[in-house]
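Asks: For reference, the structure I am asking about is given below.
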Amino acid sequence: MIESVTKLLAETTNTATAATTEAATSGSGLKAGLVAVGAGLAAIGVIGTGVGQGYAAGKACEAVGRNPEAEGKIRTMLIIGAGIAETAAIYAFVVALIVKFVG
């Protein structure tokens, strides 16, 4: 799960970097620069998701350590919560792509 968040962050960062490089080399002016800034701002949404999922995984490990009998319920709740949090990262990634390619 952490690897997927890391990949998503890397891909979004690469998108913002590519947009910035393209804006710098194309010389199209203000619009290209604003597209790069917008893609970068959209990528910030992924950071919160990664931090939140890491925090949730840590707390789940603590909970299992305190009450090993509840491992199944804790795992189920962690997976559901991670799935919900992952949608925020996917939305941020989609917005970054839309800003880059449509903007």
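Placement of Cβ uses the backbone N, Cα and C atoms for every residue, glycine included.
Source: prediction; values computed, not measured.
Marked as domain 'V-ATPase proteolipid subunit C-like' by TrEMBL: 37-98. TrEMBL lists E86 with the feature site 'Reversibly protonated during proton transport'. The transmembrane segment annotation in TrEMBL covers 34-56, 77-99.
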Asks: Over the domain 'V-ATPase proteolipid subunit C-like' (37-98), what is the model's average pLDDT?
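Replies: The average pLDDT of the model in the domain 'V-ATPase proteolipid subunit C-like' (37-98) works out to 86.
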Asks: Hey, what's the Cβ neighbour count for E86 (site 'Reversibly protonated during proton transport') at 10 Å?
Replies: 17
Asks: Just to be sure I understand, if DSSP states are collapsed into helix, strand and coil, how many residues of the domain 'V-ATPase proteolipid subunit C-like' (37-98) fall in each?
Replies: 61 helix, 0 strand, 1 coil
